[in-house]
Amino acid sequence: MSFFPYRDGRMYVEDMALDDLAEAVGTPFYVYSSAAMIAAYDRFAGALADALAGRAKPLVCYALKANPNLAVVRTLAARGAGADVVSEGELRRALAAGIPPEKIVFAGVGKTRSEIAFAIEQGIHQFNAEGLPELDTIDAVAREQGVVAPIALRINPDVDARTHHKITTGRAENKFGIAVDQVPRALERLRGLPNVTLKGLAVHIGSQVFELSPFRDAFTRLAELYRELQAQGWPLERLDLGGGLGIAYHDEPPPDVEAYARVVAKTVGDLGAELAFEPGRHIVGNAGLLVARTLYVKHGESRSFLVVDAAMNDLIRPTLYDAWHDIAPVRAPAPDAPTRRFDVVGPVCETGDTFASDRALPEVQAGDLLAFFSAGAYGATMSSTYNSRRPAPEVLVSGANHAVVRVRPSHEELMAQERVPDWLQAPSPTAAGGAG
Ligand SMILES: Cc1ncc(COP(=O)(O)O)c(C=O)c1O
Ligand SMILES: N[C@@H](CCCC[NH3+])C(=O)O
C-alpha cells in the first residue's frame, strides 16, 4: 500500500493533500508519513521477533543519524524503539523524545571525554567502543564518576557490504571498529581497566546494504568470536548487529526484511545473547518526501532543465553519492501524457546541484510541484545553509493531521548566530570609497 497515493489527480501523504500542504507551509519542504514509519518499524521488529521465536529478545535501537527530528524519534519511541546515537546531540535528542537511557547505545569513532561523561551520567545501555585508546578514555571517565561503564567491542569484520564506497564501514581499510586480529590486544587492555565491563560485541558493516550475504558473513564471524570469548571466560551477554538494511529507491524489489531476520536467527539466534539492531534508513527512508516547486522550465541547446526551488543544500544525496531519487509531479499526469527528458536542478551555483540528469518526466510547467521520494532518511539532517539558503521545514502527517515539526528559520535567525567584531565596524560614509 502506498502512503503517497494520487486521489482525484492530487498526490496525498496519507489523507493530507500535498498541494494544500504546500500552500500552508511554502516550498521547499520535507514531509513524513507517520503511518509509513510505524509500518516499517513494526515490520522490522516483528520480523525479528518472529524469526527468533522467543530465543532472543530484539532491542531495536533506531539510528538517529538517519532522521533526528524530535517528532520522528518520538513516533518511534512510542512503538518501543531504543536509539543508536553517535554524539551528545543525538543522545540529548533521544532522551528528549522519551527514549529511556537503558535502551540507548552510543557508537562512533570520536567520542569525546565530555560526551562519554554525559552518557555515563545518563546511564545508557552501552558504549560501542571503536578502538583501543577509547577504552582507556571510557575507563578514566567512569572512574571519575565512581561507576563501571558497560561496553561492547565494535568489531570490524572485513566484509564487503557491496554498497557505495563512501558508506561501507566494515572493510579493514575503514576507520570503524576493531579488527578481529586486534581483539586479543583489546582484551588484554580491558583486563587492566576496572571501570569498564565488557558486555558484548557489535558490528555495523555499512549502509544501504541490499544483499543478505554480507550480513550473513559478518554475523557468522561475530558469532564465532562471541563463542571463542565466552570459552575464554568472558561473560558476554549481548550482540549488537548494527543497521544498514537498505530500501528501494526506484522500482527494484526492496530488501526482504523477513529473510534478513532469518539470517539473524540462523547465525546468532542460538547464542543466548540479547540482540540489538540499529536500523535508520530502513525505518524512515521511504516515509518521507521533499516537495519543491518548479521555478523555470528552461530549454537549452541540447538539454531541458527544470529549475526547482529545492537544492543540494536541502538534499545532498544526489550530489554526494550520485544517488537516485524518484521524482513525480504532485498533480497526477494523464495516463497517456507524453514524457520528456529533463535535468532537474536547483538554484545553487554549482553544476553538482543536480537532482537528476536526463530524467523522463511528464511535461512540467513553471509553478508545478514535484515530489522527491525516499527523502525520509539522510535528507533534512544532512542539509546546510549553503548559498545562505534557509533550511526547508519538516512536516509530520498522521491521517488528515499535519504539524510543522521543524520551522523554516528566518534570515534574521540564521544571521543571529554570527558576530561582526568591533574592529570591523561598518565604515563611516566619509571613509567609503577611499580617495575622494
Ligand atoms: C554504527 C551505525 N549504526 C547504524 C547506522 C544506520 O545505518 P542505516 O541507516 O543504513 O540503517 C549507521 C550508519 O551507517 C552506523 O554508522
Ligand atoms: N548519509 C548516507 C548514509 C551514511 C550512513 C551513516 N553511517 C546516505 O545518505 O545514504
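Here, residue 1 is simply the first one shown, and the rest follow in order.
Cβ coordinates are placed from backbone N, Cα and C, and glycine is handled just like the others.
Predicted automatically and left uncurated, TrEMBL annotations should be read as such.
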- Of Gly233, Gly244, Gly346, which one shares the pyridoxal 5'-phosphate site with Glu278, Pro279, Gly280, Arg281, Tyr378 in TrEMBL? Gly244
- Message: Counting other Cβ atoms within 10 Å of each residue's Cβ, which of the binding-site residues Gly244, Pro279, Gly280 comes out lowest?
- Response: Gly280
- Check: min Cα-Cα distance from Arg281 (pyridoxal 5'-phosphate binding site) over recorded positions Lys65, Arg317, Tyr321, Cys349 goes to Lys65
- When distances run from the Cα of Tyr321 (substrate binding site) to each of the recorded positions Lys65, Pro279, Gly280, Tyr378, the nearest one: Tyr378
- Of Gly280, Arg317, Cys349, Tyr378, which recorded positions come close to ligand 2, meaning Cβ under 6 Å from one of its atoms? Arg317, Tyr378
